[in-house]
Amino acid sequence: MEWNTLVLGLLVLSVVASSNNTSTASTPRPSSSTHASTTVKATTVATTSTTTATSTSSTTSAKPGSTTHDPNVMRPHAHNDFYNAHCTSHMYELSLSSFAAWWTMLNALILMGAFCIVLRHCCFQNFTATTTKGY
């Protein structure tokens with residue numbers, strides 16, 4: 001019985017020693033130029049009392065809230081302009097130096113061309129139908 005108590009006590013102490021972690025969570029602020037971070041330290045307190053016949057071990061953990069994922073998924077970028085959460089549309093500068101800009105322009109031209117072809121077809125069909133009606 002005492003061998004099991006000793007193993008249980010060592011197990012509790014090793015868990016307590018390995019669970020002293022510090023986690024950091026970033027909290028977003030309304031201003032676009034300041035960033036703040038809040039540090040939350042998780043502390044674990046272990047109490048072990050041993051008598052000759054029985055042993056009682058209890059572990060109390062004071063954690064603010066355990067989540068498995070990071071709710072603050074937006075991280076500051078090196079060029080914190082367009083992807084900033086507080087960026088508005090007038091802050092974005094248009095340029096033709098990227099592939100995405102050329103691809104968007106090509107798609108817009110294709111759509112406008114297809115629209116013109118469809119309109120010409122419909123209008124031409126209507127025009128020929130009305131002008132050849134009397135013949």
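Numbers run from 1 along the shown chain.
Backbone N, Cα and C define each Cβ position, glycine as well.
Annotation comment: Swiss-Prot describes 21-68 as compositional bias 'Low complexity'.
The region 'Disordered' annotation in Swiss-Prot covers 21-73.
Look at Swiss-Prot and you will find 1-19 tagged as signal peptide.
In the predicted model, residues of the topological domain 'Virion surface' (20-98) average a pLDDT of 55. Per Swiss-Prot, topological domain 'Virion surface' is recorded for 20-98, and the stated evidence type is sequence analysis.
Residues annotated as topological domain 'Intravirion' in Swiss-Prot: 120-135. Same-chain residues lying 6 or more positions outside the topological domain 'Intravirion' (120-135) and placing a CB less than 8 Å from one of its CB atoms do not occur.
As annotated by Swiss-Prot, transmembrane segment applies to 99-119.
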Please list the DSSP helix, strand and coil residue counts for the topological domain 'Intravirion' (120-135).
12 helix, 0 strand, 4 coil
